[in-house]
């Protein structure tokens, strides 16, 4: 097997520092947004006692799910012994860590008492899925960190497969945990199903890979290194499978609900009468996030790099739309405490709840994305994560 | 904290065991030469060092047939007792906490209207306690579902889990209407406590029930559901009652008649 040379990106051009500065600016905005929310309380957000988890959760859960998926490329290399993926693995691991960091920061900074993070770290209720997630997230950093170390340090290279396998099993458990945050809720019709755990896993595959592909292509294009079609086409095919699987899960979930009379009202809300949620579901998640990427990637357009990038961007947009519908749409639909009765109260019982994200919420969410990208940008500058070249010839040699 | 956890574990007993414990306690009380002393203890609240007992289960019965249209005396009384700003006076009514609220139900077919108060149902199997990451949401041995404001991190997972929308987050800094025995705080979650401060003082009732009785409607009855001789137990034996979302099998501390 041919060897691959990894090298840091030089990162001294004005363009690099502009990227660094722009991301830093968004991190700063995110910090200011958190400061505002922390100072005034959640009164400055669009959230209330009906929509209790808003836009920050959409970003946080998306990033956490994508983090787990971004590790996929590395898993394929070491767990499933595909040599072609080996040179792609270090970036995959660092991106997973960076996205997880961004997601977690948004999650904890949106707490009503973010200053009490230490309480969450010292008081546990093991019946809570949230508590389990605290351990799953911390374990993820440790395992993926160790895995990255085994990939980069020759002296511990022999442990790479073991570390990779542990990280792979952990990430599957982690996404099961993230899906179960919602799956273990009995109160709302759209939650409370085991379906959410595997669905979140497959969504993580798709969102994580889409982000990975965009970051990979950008790093190679902006540093003038060669990224051959062999790698792109292989990853593209993988993305097709994942996006199709997401579509499959979504169809099965809604078809099952449609069969049950008790879910008819909430399904009608999401699929037909829900206004922004219906638009986000059909246009955002289904059309832009699933169908369009499939059409692009399976047609002749999928041979062109620009179109692959467009497809990846659409998968990411679709993913955010899906999280918005899953998290906020489910809360917008009123709780059905008295089936068959019309309900009125001063607490908005019986009505569809409205939600408009405020500026601090938007910037807190974007701040998480910016942190993730900033960490990745910095990491490729200081660590040997990217192969000097990924041209077709080099990649072909790996497989023989 | 560990004491609270222990309390909630103690409370997780089966109905059989609970009946046994009640019977055993009653027998013990009968055999005690000074039952009057025990009654005195109950009437004057328990001493601070004595933990809440699972021999008691506080509960409320709502007679919706007596709950009057347009009357919200229970809501006002709760707000006064516990120091939360009435919604009408709040600058941010959409985000204002509401510990208890009046619901008006209307049957779309018959147009019949039913009034009832909705509040924390003090479930025996509370989903909010299950999901709370820090254990800030807890169930006391005597059935009260409460929030420890010192360990609540404001994650709002309990609000996602509650099937009754009984909980509110304090969205902004609190004004000076706070009561010394009802701690509240920005960024933490709160809900009906069954006036725990009154119970622990030995009042044996809640502000909303007192207000409902004072108004002459008598739609609310409060008491120990484990004591077969309590007014609430007698009423519950007499009248058919329902639990809201009984399908979830949460064994509620609030029972409704006339819904």
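Heads up, the Cβ atoms here are built off N, Cα and C, so glycines get one too.
In TrEMBL, annotation is done automatically, which means it is predicted and not curated.
Fair warning: this is a prediction, and the values are worked out from it, not measured in the lab.
Copied over from TrEMBL, here are the features:
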type: TRANSMEM; residues: A:16-34; note: transmembrane segment
type: TRANSMEM; residues: A:54-76; note: transmembrane segment
type: TRANSMEM; residues: A:88-109; note: transmembrane segment
type: TRANSMEM; residues: A:129-150; note: transmembrane segment
type: TRANSMEM; residues: A:162-187; note: transmembrane segment
type: TRANSMEM; residues: A:199-223; note: transmembrane segment
type: TRANSMEM; residues: A:235-255; note: transmembrane segment
type: TRANSMEM; residues: A:275-298; note: transmembrane segment
type: TRANSMEM; residues: A:310-333; note: transmembrane segment
type: TRANSMEM; residues: A:362-380; note: transmembrane segment
**Study point:** Stretch of maximal Cβ-Cβ contact with the transmembrane segment (A:199-223) [cut-off: under 8 Å; candidates A:16-34, A:88-109, A:129-150, A:310-333, A:362-380]
**Key:** A:310-333
Revision key, fill the gap. For the transmembrane segment (A:275-298), the candidate among A:16-34, A:88-109, A:235-255 having the most Cβ pairs under 8 Å is A:235-255
Revision key, fill the gap. Relative to the transmembrane segment (A:310-333), the stretch among A:54-76, A:129-150, A:162-187, A:235-255, A:362-380 with the most Cβ pairs under 8 Å is A:54-76
**Study point:** Within-chain partners of the transmembrane segment (A:235-255) [C-beta distance under 8 Å, separation at least 6 from its ends]
**Key:** 73, 193, 195, 198-199, 202-203, 205-206, 209-210, 212-213, 216, 267, 270-271, 285-286, 289-291, 293-294, 297-298, 302, 308, 311-312, 315, 322
